[in-house]
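A.B. asks: Pasting the relevant annotations from TrEMBL:
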{"type": "REGION", "residues": "1-20", "note": "region 'Disordered'"}
{"type": "SIGNAL", "residues": "1-40", "note": "signal peptide"}
{"type": "DOMAIN", "residues": "43-358", "note": "domain 'GH10'"}
{"type": "ACT_SITE", "residues": "GLU280", "note": "active site, nucleophile"}
{"type": "REGION", "residues": "357-383", "note": "region 'Disordered'"}
{"type": "COMPBIAS", "residues": "364-377", "note": "compositional bias 'Acidic residues'"}
{"type": "DOMAIN", "residues": "377-487", "note": "domain 'CBM2'"}
Amino acid sequence: MRLAIRGSRETPRRSRASRARRLTGAALATFLGAAVLAPAAPAAADSPLRDHAAQQGFEIGAALGADHLQNDSQFADLAATEFNASTPENSMKWSVTEPSRGQFDFSQADAYMDFAQANNQKVRGHTLVWHSQLPSWVENGNFSESELLSIMENHIDEVAGRYAGEIAYWDVANEIFLGDGSWRNSVFYETIGPDFVAEALRMAAEADPSAELWLNDYSIDGINAKSDAYYNLIQDLLAQGVPIDGIGLQAHLINGQVPSSLQQNIQRFADLGIDVAITELDVRIQMPASDSELQQQAQDYRAVMDACLAVDGCIGVTVWGIVDKYSWVPDTFEGEGAPLLYNDNYQPKPAYDAVHAALGGQNDDGDDGDDGDDDPPPDPSGPCAVSYSVANEWNSGFTGQLTFTNNGSSALNGWDLQFDFADGQQVNNGWSAEWSQSGSTVTVSNASWNASVPAGGSVSVGFNATHSGANSEPDSFTLNGQSCSVS
Ligand code: 9MR
């Protein structure tokens, strides 16, 4: 049922200039201090992420917290310099924009919009209808179906209407399914039934006809019961002519656990004719994060970037924050953290290099970005170069790391790396690849997500092994049967 009641449009957004005049002190300095970046010319070797992304019509975004934008100029500078898209982390949520019925507060949302526009960023509005961060007057109001629809319509009309024409994508409904693909029992579902989603999409289309209208959720990155539920719902919505333009895969990931079906999942949604994006990427690590975990994290970021870049309908990747210390992760997952591209001192992590390289950037140090290490530049003398190191060693065991670089002039599509142990070492388990050992010969084969290695690209893998006494390093390696130089 579409209600006839229309929300008022009597609070249009003031012009940027008039709002900017209301800003004082640090806030104004932050806004004016942030670089206003022109569309990219060909990206230089060390160009920021956004320049490389722009080269390929791709969006690289970040969630921006209101406090940090206002009060942390280092954060605001990184946000402006590195990203050509952004999402307000909390500023457009219902509890912030309409804390009491009919009382709207757009101060945070306006400030965010000023920043995004001053820095030429595509905006993802987040989010109109969500069970969380919902004020208790909505959640506990015991409204009838028609009254809740009218409340929803007024909210959408006020919020999406205020920024009509200025927002590229709206996360219209957020997190509507549970892990098993059943409907979440939100107040919207309980009161209105599953149609609340179609209603919200239609209301958003009316409030802002130019925005793309999206659904968004976590744990739908791979093919599973929950992403199947979205796949079915979106097919139904399209069949009914409900406006639906995209699906956001949030990708709040655990280190080392990028779903192997990520690219296939992105592809199946794109094949429905809608857009897809990675909307809230972070990769959390059990703290404290070791070097090898940071390398793994870099590979995970690279895998996600590659999966999206490989599918035509995947328009961009947004990371859920910029610096680790402001991430939502440690507050929610005890003992876990360090999920983002920059550490607490605003220094880029290996994960940053990986994203940079995935976008076609060459890292300053000659690193390919896969592992964040200072990899040697490709050695023109052979088809591959391998570096081997023992990261940790104890009485009877050790952890080893291997990085190989594809020095050939074309991409590898699938690879086997082989080497021999001289001292009876035995691999127990390995990561970032399939590991097997026969006698003294170890074979490391690509995982599905790192099968493709561009010319000049590198892959890092690791393993745990036992040894008794001597533990000499292997001195020769082959990649797909061809012998590699060893550095
Ligand atoms: O990062 C957001 C955090 O600051 C808020 O406290 C939290 C409230 O639920 O929401 C976080 O962002 C969430 C996003 O809006 C929707 N997907 C999950 C995100 C992480 O919880």
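Placement of Cβ uses the backbone N, Cα and C atoms for every residue, glycine included.
Automatic, uncurated: that is what TrEMBL annotation is.
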A.B. asks: Name, in the order they occur in the sequence, the residues of the same chain whose CB lies under 8 A from the CB of the residue listed as 'active site, nucleophile' and which sit 6 or more residues away.
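C.D. replies: Listed in sequence order: ALA63, THR87, ASN216, TYR218, GLY248, GLN250, ALA251, HIS252, THR318, VAL319, TRP320.
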A.B. asks: Using DSSP, what's the helix, strand and coil tally for the domain 'CBM2' (377-487)?
C.D. replies: 3 helix, 63 strand, 45 coil
A.B. asks: Can you check how the pLDDT averages out over the domain 'GH10' (43-358)?
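C.D. replies: 97, rounded to a whole number.
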